[in-house]
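Have a look at the structure below, then the notes.
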Amino acid sequence: MHPAAEHSPLGKSSEYIATYSPEQLFPIPRTAKWAELGVTAQTLPWQGVDYWNCFELSWLLPSGKPVVAIGEFAIPADSPNIIESKSFKLYLNSLNQTVFASLDALQACLEKDLSAAAGKPVGVKVRTLAEVEAQGVVALPGQCIDALDVAISNYEQPQPELLRCDPARVVEETLHSHLLKSNCPVTGQPDWGSVVVEYKGRALDHASLLTYLISFRQHADFHEQCVERIYLDLKNLLQPEHLTVYARYVRRGGLDINPYRSTGAISPDNKRLVRQ
């Protein structure tokens, strides 16, 4: 477990405060988990973003009438901190009985508070239900590898040694799987995800990728660190010209988390999958 997470509200009984309370936000430094992976803030081998989508966003108009919407938050992958998810939920719940004179005022408040917690500017979009409904759900790009016949019996820790490639062949392809699962390092609750791997490099054995992803099944870590571990293990094996790993997790507590890590420019779509 991340030492800072022990002091977070995650896994503890909490009072749900209904008026504006930015002090609910609990930042967790990324540095400890980066150190486990052998990287620092100065040597990050990726660009990226963590998309958070909030489906329980509500506030009051000056008339007292409530409004509901969906919030989209983009936290830079090189920000000093992640924001612990239960504290994020408690903060958002604290807006429920808070009056905002305009949508711009709400958005400015969210940007200020979340950027302060993350340690870097956080992008905020507040979208109407009609906007999100019109967007619908999308399918992941590329080839799904989930139908491959694989055997595995060890799920406790990620096993990069399972990964195989053909160093004599260079390919460019996009693969995806819906079989990613890990556990919250504090509560042990399951985190269900889908993941896309897009790369140009040594030809990756598809069955080995699937068994590797399945090996995360009992691993305890936050969403962001799981994706960064996948990214580094693939980068070390494939020596790619470019590599992108993008996971979209099933929501819990009204929030879903979607980490994106890439060698190149950041241009991911923040669009819902069928399980989101």
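Including glycine, each Cβ sits where the backbone N, Cα and C put it.
Swiss-Prot lists Cys184 with the feature active site, thioimide intermediate.
Annotation source Swiss-Prot lists active site, proton donor at Asp191, citing sequence analysis. A strand conformation is recorded for Asp191 (active site, proton donor) in the three-state DSSP classification. A simple way to gauge crowding: the CB of Asp191 (active site, proton donor) has 23 other CB atoms within 10 angstroms, across all the protein chains here.
Annotation source Swiss-Prot lists substrate binding site at Ile83, Glu84, Ser85, His223, Glu224.
Swiss-Prot lists Ser85, Lys86, Arg252, Gly253 with the feature NADPH binding site, giving sequence analysis as the kind of evidence. Around the Cβ of Gly253 (NADPH binding site), the same chain contributes Ser85, Lys86, Lys89, each under 8 angstroms and 6 or more positions distant in sequence.
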Practice task
Determine the most Cβ-crowded residue among the binding-site residues Glu84, Glu224, using a 10 Å radius around each Cβ and all protein chains in the structure.
Solution key: Glu84
Problem - Candidate recorded positions Ile83, Glu84, Asp191, His223, pick with smallest Cα gap to Arg252 (NADPH binding site) - result: Asp191
Practice task
Give the distance between the Cα atoms of Glu224 (substrate binding site) and Cys184 (active site, thioimide intermediate), rounded to the nearest whole Å.
Solution key: 11
Completion exercise
Near substrate: residues not in Ile83, Glu84, Ser85, His223, Glu224 with Cβ within 8 Å of the site Cβ centroid are Ile28, Asp50, Trp52, Ile82, Phe88, Phe222, Ile257
Completion exercise
Least crowded of the binding-site residues Lys86, His223, Arg252, counting other Cβ atoms within 10 Å of each Cβ, is Arg252
Problem - Span of the NADPH site, taken as the largest CA to CA distance across Ser85, Lys86, Arg252, Gly253 (Å, rounded to a whole number) - result: 9
